[in-house]
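Asks: Sharing the feature lines straight out of TrEMBL:
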type	residues	note
TRANSMEM	128-148	transmembrane segment
TRANSMEM	216-238	transmembrane segment
TRANSMEM	258-279	transmembrane segment
TRANSMEM	286-303	transmembrane segment
TRANSMEM	315-339	transmembrane segment
TRANSMEM	388-410	transmembrane segment
TRANSMEM	430-449	transmembrane segment
TRANSMEM	501-522	transmembrane segment
TRANSMEM	534-555	transmembrane segment
TRANSMEM	575-600	transmembrane segment
DOMAIN	660-726	domain 'CBS'
DOMAIN	757-814	domain 'CBS'
Amino acid sequence: MESEQLYHRGYCRNSYNSIASASSDEELLDGAGVIMDFHTTEDDNLLDGDAASPGSNYAMSNGGGAASSTTHLLDFLEEPIPGVGTYDDFHTIDWVREKCKDRERHRKVNSKKKESAWEFTKSLYDAWSGWLVVTLTGLASGALAGLIDIAADWMNDLKEGVCLSAMWFNHEQCCWTSNETTFAERDKCPQWKSWAELILGQAEGPGSYIMNYFMYIYWALSFAFLAVCLVKVFAPYACGSGIPEIKTILSGFIIRGYLGKWTLMIKTITLVLAVASGLSLGKEGPLVHVACCCGNIFSYLFPKYSKNEAKKREVLSAASAAGVSVAFGAPIGGVLFSLEEVSYYFPLKTLWRSFFAALVAAFVLRSINPFGNSRLVLFYVEYHTPWYLFELIPFILLGVFGGLWGAFFIRANIAWCRRRKSTRFGKYPVLEVILVAAITAVVAFPNPYTRQNTSELIKELFTDCGPLETSQLCKYRSQMNGSKAFTDDPNQPAEPGVYSAMWQLCLALIFKIIMTIFTFGLKVPSGLFIPSMAIGAIAGRIVGIAVEQLAYYHHDWFLFKEWCEVGADCITPGLYAMVGAAACLGGVTRMTVSLVVIVFELTGGLEYIVPLMAAVMTSKWVGDAFGREGIYEAHIRLNGYPFLDAKEEFTHTTLAREVMRPRRNDPPLAVLTQDDLTVEELQSVINETSYNGFPVIVSKESQRLVGFALRRDITIAIENARRKQEGILLNSRVYFTQHAPSLPADSPRPLKLRSILDMSPFTVTDHTPMEIVVDIFRKLGLRQCLVTHNGIVLGIITKKNILEHLEELKQHTEPLATSWYYHKKRHPPSHGANGKPRSRVHHVQLIRSFQDGWGRGGEGSDEEDEEEEVVCLLNGSNL
């Protein structure tokens with residue numbers, strides 16, 4: 001709709017003073033959009049009309065001047081109007097106006113703090129409110145993450161059995177206090193009973209296997225069904241990862257309810273259910289959404305953030321850092337993730353507060369100790385073996401695999417999600433979730449590597465083989481006596497159990513690849529970090545074992561001869577799993593710096609940064625060869641969110657006039673005059689159009705740009721005036737000037753709307769290259785930009801217009817419409833190119849030439865361009 005296209009640029013009154021009193025270079029840059037609001041005497045005389053006309057009974061003055069003796073009523077519009085400056089749902093905020101509002105609020109607080117002790121206390125509270133809100137966000141994020149981890153582990157083990165001594169214990173906790181466990185079978189204890197033991201009374205045999213199989217499927221379907229029903233009924237926004245929407249919200253988009261209390265509560269509950277159902281998803285991505293919900297809710301406790309959308313997004317940036325901090329136990333990685341991946345505006349103070357929020361969240365999670373290992377994550381590992389230069393080759397190969405997997409997954413998942421949206425299958429989300437959960441449970445149970453929790457699988461793949469490990473991947477045959485006892489030599493020939501585990505891992509890899517494609521995007525909370533890391537860890541472990549066995553059987557090769565002697569500790573398969581996990585996650589998300597730091601914090605060693613960097617950069621290069629979009633950017637584009645990615649480059653040679661609206665077959669650009677309209681005419685324009693804003697011009701004859709007025713602000717101002725101000729009728733004159741126009745004595749009271757007028761809208765000329773326009777939109781966060789020619793308004797470019805133009809260029813299709821060109825002066829200005837008179841309407845329109853040789857690249861174009869170029873107005877005048 002056209003209403004979705006019009007995103008406006010607001011303004012701050014007294015903006016020159018705002019810039020002049022800015023306290024830092026950052027504030028000067030933030031206010032760059034408002035420095036055009038300069039006033040001269042000549043402009044005031046031209047725009048404000050005859051302020052002292054004897055025939056006016058409503059002449060008013062500004063500032064300290066005396067008011068006219070004929071009116072003693074206070075112009076209520078000089079005070080803030082409730083509701084003006086707020087935003088509707090699915091609209092974009094005005095970054096420049098929000099920054100101006102915050103600076104005005106800050107100056108007001110500072111000017112009053114010396115008046116009294118109470119005002120000084122309020123100024124201290126205002127200064128520390130940012131630290132308070134991120135502290136509360138970190139505390140809540142850490143507590144909720146610990147609760148989710150504990151509940152998910154318990155419910156995941158509930159699919160296999162129950163602890164009789166304490167129902168709230170999971171499998172591992174149930175056997176902690178048992179004296180009947182053995183070293184080889186430390187997970188078996190009398191207190192833990194499988195469902196076959198409880199129902200059939202036997203732990204072994206075909207019957208018990210079938211019963212455990214059936215109960216596993218039953219619990220998986222129950223958890224999945226409950227999760228999707230809760231999401232569908234109570235909080236539809238609780239589904240998915242949440243990161244694409246968080247990125248869009250941080251760029252300035254408004255999605256009401258997405259970060260609300262209902263979404264937080266339902267997301268927390270259903271995230272536990274979705275993870276416990278065994279679906280190929282993770283909880284790490286949704287934890288970012290949970291943390292941002294906490295930040296949004298706590299920001300309403302502080303007016304500094306609740307009444308300013310730009311300031312609120314600083315809190316959300318810090319909250320996203322806290323979410324990643326508790327998801328991976330990586331506070332520094334969380335800060336870098338917020339900076340690199342999700343944040344649109346990230347000033348230095350937000351960096352400090354993000355670091356503090358991540359610190360508080362990690363401290364709370366460590367205090368809860370949900371995994372019982374004194375670590376922040378389940379799969380924390382430490383390696384003690386150095387890596388060798390030759391190993392860069394398999395590390396880079398794992399990076400290639402990660403890039404290929406990422407490109408394949410993005411295309412396959414987007415194709416499936418698009419098909420879901422365009423077919424009837426997408427109308428039945430509950431059925432889809434149940435079907436995917438049933439297939440996952442049926443296929444996953446026979447394979448021990450797909451049956452267990454994905455985080456536990458990653459832990460097993462990351463872990464280095466040692467004498468305390470009982471995994472099938474670590475059953476090596478001793479060189480000395482052929483026994484299964486471990487010796488000091490880790491590089492030993494593998495026994496058949498290892499090869500069996502390799503086959504199972506290969507099947508698990510195929511299963512994870514297929515199911516992750518169909519799972520991400522379901523109407524349940526679903527993260528992508530853990531499934532991607534699991535796929536990479538499986539591939540990396542397979543490669544690591546292969547290289548390890550190659551080094552054992554061919555230690556005399558020149559590749560191994562210098563550094564891998566017989567009996568030496570050369571290859572660490574768990575390191576390959578870690579590098580593979582980072583490569584696959586980087587291939588899917590296209591993260592680089594933050595991903596390396598996150599994985600580095602998981603291992604706790606600086607020694608393996610180079611392999612991680614090599615694999616991650618390789619995966620990004622390979623993935624970018626097939627498409628520069630990560631999975632989150634692809635889902636943003638699929639859902640049609642107005643997000644301008646700063647990573648994309650604009651290399652085309654189009655101009656602003658080729659993208660602006662209106663076009664040839666579109667309705668003409670609706671404009672308002674500064675003092676000629678009545679309330680009835682203004683309401684008629686609003687009711688007959690769906691635009692979200694209107695350019696304000698001097699008059700029908702001049703059509704010089706005065707400013708820009710928002711549809712929402714106009715409506716609110718009129719309704720507020722009728723409630724609080726007497727004498728406002730349908731035939732009351734509406735004026736946007738500083739002083740009232742000359743009116744007859746019997747005229748009703750005029751309505752002044754200057755306070756809602758944006759006096760400094762962003763404008764570009766019609767010949768401005770789109771490369772510059774796109775750059776302005778990205779760096780200043782514009783909603784819209786007016787296109788002018790010699791001060792005459794020709795059209796408007798909105799954020800949606802730019803997104804459509806970029807998509808059109810990306811797909812190499814025909815332009816949305818034929819380019820507009822200026823009509824050369826061959827007829828009188830009151831006639832068109834065909835010699836026929838133009839209709840006299842107070843709108844601006846470009847005249848498009850259909851004559852041969854006038855198009856770009858046509859014959860004679862150079863000679864024709866030398867002629868006088870004009871913009872013809874439909875009222876008969878021209879420039």
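Every residue, even glycine, has its Cβ placed from backbone N, Cα and C.
Not measured: the values here are computed from a predicted model.
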Asks: What stretch in 128-148, 216-238, 501-522, 575-600 has the biggest tally of Cβ pairs under 8 Å against the transmembrane segment (534-555)?
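Replies: Counting Cβ pairs under 8 Å, the winner is 575-600.
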Asks: Provide the three-state DSSP residue tally for the domain 'CBS' (757-814): helix first, then strand, then coil.
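Replies: Result for the domain 'CBS' (757-814), in helix, strand, coil order: 23 helix, 19 strand, 16 coil.
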Asks: Tell me, please, if the transmembrane segment (575-600) and the transmembrane segment (258-279) are in contact, taking contact as 3+ Cβ pairs under 8 Å between residues separated by 6 or more positions?
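Replies: No, these stretches are not in contact.
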Asks: Please give the sequence-distant neighbours of the transmembrane segment (216-238): residues at least 6 beyond its ends with Cβ less than 8 Å from one of its Cβ atoms.
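Replies: Same-chain contacts beyond the ends: 155, 158-160, 245, 255, 257-258, 260, 262-263, 265-267, 269-270, 273-274, 276-279, 429-430, 433-434, 436-438, 440-442, 445, 451, 522-525.
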Asks: At a C-beta cut-off of under 8 Å, are there same-chain residues at least 6 beyond the transmembrane segment (501-522) that contact it? List them, or none.
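Replies: Hits for the transmembrane segment (501-522): 228, 239-241, 279-281, 405, 409, 412-413, 416-417, 420, 429, 432-433, 436, 439-440, 443-444, 447-450, 457, 471-473, 528, 531-532, 534-535, 538-539, 541-542, 545, 631, 635.
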Asks: Report yes or no: does the transmembrane segment (286-303) come within contact of the transmembrane segment (430-449), defined as 3 or more CB pairs under 8 Å with a sequence separation of 6 or more?
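Replies: They do not touch: fewer than three Cβ pairs between the two stretches lie under 8 Å.
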Asks: Reported in the order helix, strand, coil, what are the DSSP residue counts of the domain 'CBS' (660-726)?
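Replies: When I sort the residues of the domain 'CBS' (660-726) into the three classes, I find 24 helix, 17 strand, 26 coil.
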